[in-house]
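As recorded in TrEMBL, the features of this protein are as follows:
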DOMAIN    5-293  domain 'UCH catalytic'
SITE      Gln89  site 'Transition state stabilizer'
ACT_SITE  Cys95  active site, nucleophile
REGION    150-175  region 'Disordered'
COMPBIAS  159-169  compositional bias 'Low complexity'
ACT_SITE  His233  active site, proton donor
SITE      Asp248  site 'Important for enzyme activity'
Amino acid sequence: MEGQRWLPLEANPEVTNQFLKQLGLHPNWQFVDVYGMDPELLSMVPRPVCAVLLLFPITEKYEVFRTEEEEKIKSQGQDVTSSVYFMKQTISNACGTIGLIHAIANNKDKMHFESGSTLKKFLEESVSMSPEERARYLENYDAIRVTHETSAHEGQTESSSPSSSQPHSSHCRAKASSLCHHASLPWVKRNHVGPAKATSPSLRLRRWRPFLRLPSMGLHSVAPSIDEKVDLHFIALVHVDGHLYELDGRKPFPINHGETSDETLLEDAIEVCKKFMERDPDELRFNAIALSAA
């Protein structure tokens, strides 16, 4: 993508919730971690859930699938309700912000906005625009850009301890490390033996953290390079008019993944997430957060 480039936005609930608060969203809904795909781990997520954000690696396998998927839908068609709010991505590293906009815009009736909310104003002003027009409107919407940059700066941390040997990383299409059992490193797929089914592997996720956030380590904020190449991408999964939609600004249209409901959205969205993971079985860099009632 040519044109504007924003700082990558960190993929964790603290950053996303603070970002939305600064945009004037009342915290009656909050993003929370999804620690894994097993029923017992999904049961830890507060209900109801109205959206899921998935962070995943853009790989050669995925790009082949994306092209094939687009050609198939263009050939066979799909049903997409006009109620879906969808926008294209024309700003590099803005996928996190666009994912948040998709999550909130398609649940606007559930949200409470503060007086003078920047996000509410953007949504009201862009409601009748096309996906391409919304993308161009965001390019020139300084209030959201400035808030994004503030959150991107605040989300990046590093240790000032001279003994720290961990590299600095950033993400929105975030950069993450390979498989590691250290608590501060990425969300990963891993085999887990549960007490009930000793021979049944399951998928567990760990949230990526650039560094351990311990007071004794003297953390301070640092900004990643705006030109840093990142290879992860955010999408939103939302429920609109009885169907589960994947909203990805890199794609030409929403993807209808079939029927869902307010009660089953999390489980249905996780099934879609599993397909992303199954397409890249050697990849470890997957991350999910859910927008839950606070």
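Keep in mind that glycine also has a Cβ here, set from the backbone N, Cα and C atoms.
Predicted automatically and left uncurated, TrEMBL annotations should be read as such.
Here the recorded positions are Gln89, Cys95, His233, and the one ringed by the most other CB atoms within 10 angstroms is Cys95. Averaged over the domain 'UCH catalytic' (5-293), the predicted model reaches a pLDDT of 80.
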